[in-house]
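A quick write-up on the structure given underneath.
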Amino acid sequence: MSTFRSIEWKGDRLVLLDQRRIPEAKVFLELTAPEEVAAAIREMAVRGAPAIGAAAAFGVVLAARRGEALAEADALLRASRPTAVNLFWALDRMKRVWEGYSGAAQALVQALEAEALKIAEEDVAANKAIGRHALELIPDEARILHHCNTGSLATVDYGTALGIIRIAHEAGKKVHAFLDETRPRLQGARLSAWELRELGIPHTVIADGASGHVMQKFGIDLVVVGADRIAASGDTANKIGTYNLAIAARHHGVPFYVAAPTSTVDLETPSGAAIPIEERDARELTHCGPVRVVPEGSPVYNPAFDVTPAELISAIVTEAGIAYPPYEKSLPALVRKAQGGHP
Ligand SMILES: CSC[C@@H](O)[C@@H](O)C(=O)COP(=O)(O)O
C-alpha cells in the first residue's frame, strides 16, 4: 500500500488526502484552522467514522495553536456531521483535556496534541486487532461482499471491514471482494476499489442493485460492513444501502458482520430509532458530476445512512473481540474490556 496516511499531523498543520478526488488525482489538503477541518468533514474531503473523529481532534489542536476559543471550535466541529458517533467521542476526549484547564497555553497545546495523536494511533491498533479477531470468521476461500469504503481512507490506517479483507488476504486466505459501488457518492467504486487495487487484493465492483443477484448467482460467503454508530441494542447505522444488503443476506443465509472499533459503539443510544440520520444535499442524487440525471423539479430524498436492525447482524467485530447476540449484554462487556476494565 501507499507510504502515506490519509490523515497526517505535521506539528503545525493537518494534511488530508482529498477523498473527493480519488481515483483521478491524489491531492493533499493542508489545513491550519478548525473552520477548514469542519468544512473538510462537511464536504467529505475526509470521511468515514474513525477518520472524521481523528480529523476533528486535530481541529481542536489547531484552534488551541491559534489561541482561539476552544468551546467555539468544539461546537463548529460537532456540527459538521451528525451520524458517526466517533466524531463526538473524539471531541469528548479532547474536551476532557481542555475543559477547566487553567495552566499555561503552550502546555495545553501540547496536551491536546498528545491526546489527538493517541486517538489516531489507537485507531490504527484497533483496526489491526479487528482484522485479527475476524480471521476465525473468514473461510480459507471466501467471496466477501462489502459496502461503502471502510479502509485506510475511512480510518487513520488499515480500516475496519476492508481491513478484515486485507488481513485475511495477508494471512494467506483466498479472498475475493465484491464491492458495492455505493450510490450516490460512490465510496465503493471510487475508494474501496482504489485501495484494493493498490493492495493487489482481488475484487469486482458491482452496482448496488446487483448484490442480491450476486448472492443468488455466484454465492457469497459473508457480508462485512463498517458502522457509523452502533446503539446499545446492536442496531447499526451505516452507509445507505446497508439495510437492503442485510435483508438480502438473511434471505440467502449469508452471515452479515459489522466491523467497528468500540469508539463507534454508543451505549447512550438505546436503539437505532434514536440515531440521527444525516440527509445530504439533493444534488448528490440529481447529478452525476456536472450532468443532471434527475428531471428538474422532481423531488428527491437523500438520507446518507440507514439502520440495520440487530436481528439481521450475525456478529459485531471490535478490537476487544467479537460480540454475538444478545448485543445488550455482549457490547457493554467489550466496551469495558476495551477501556481496560473487566469484560
Ligand atoms: C470505517 S468507516 C465505517 C463507516 O463510516 C462507513 O461505512 C460509512 O458509512 C461512511 O460514510 P461516509 O458518508 O462516506 O462518511
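The backbone N, Cα and C atoms fix where each Cβ goes, glycine too.
Marked as active site, proton donor by TrEMBL: Asp228. For Arg47, Gly48, Ala49, Arg81, Gln187, Asn238, Lys239, the entry in TrEMBL reads substrate binding site. What TrEMBL lists as site 'Transition state stabilizer' is Cys148.
Structure with TrEMBL features highlighted.
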{"residue": "Arg47", "record": "substrate binding site", "DSSP class": "coil"}
{"residue": "Arg81", "record": "substrate binding site", "DSSP class": "coil"}
{"residue": "Cys148", "record": "site 'Transition state stabilizer'", "DSSP class": "coil"}
{"residue": "Gln187", "record": "substrate binding site", "DSSP class": "helix"}
{"residue": "Asp228", "record": "active site, proton donor", "DSSP class": "coil"}
{"residue": "Asn238", "record": "substrate binding site", "DSSP class": "strand"}
Most Cβ neighbours inside 10 Å, all chains, among the binding-site residues Arg47, Arg81, Lys239: Lys239
Filtered recorded positions, from Gly48, Arg81, Cys148, Asp228, whose Cβ is under 6 Å from an atom of ligand 1: Gly48, Cys148, Asp228
Residues flanking the substrate site, with Cβ no more than 8 Å from the Cβ centroid of Arg47, Gly48, Ala49, Arg81, Gln187, Asn238, Lys239 and excluding those residues themselves: Ile52, Ala84, Cys148, Asn149, Thr150, Ala154, Gly226, Asp228, Ala304, Phe305
Listed in sequence order, residues with CB under 8 A of Gln187 (substrate binding site) and six or more positions away: Arg47, Cys148, Asn149, Ala154, Lys239
Of Gly48, Ala49, Arg81, Asn238, i.e. the binding-site residues, those within 10 Å of the residue listed as 'active site, proton donor' when Cα atoms are compared: Gly48, Ala49, Asn238
Same-chain residues at least 6 apart in sequence whose Cβ lies under 8 Å from Asn238 (substrate binding site): His147, Cys148, Val225, Gly226, Ala227, Asp228, Val258, Phe305, Asp306, Thr308
Number of Cβ atoms other than its own within 10 Å, given for Gly48 (substrate binding site): 32
Close in space, distant in sequence - Ala49 (substrate binding site), Cβ under 8 Å, 6 or more apart: Ala84, Val85, Asn86, Leu87, Ala154, Gly226, Ala227, Asp228, Arg229, Ala260, Thr264
Neighbour count (Cβ, 10 Å) for Cys148 (site 'Transition state stabilizer'): 29
Cβ neighbours of the residue listed as 'active site, proton donor' where a neighbour is any other Cβ within 10 Å: 30
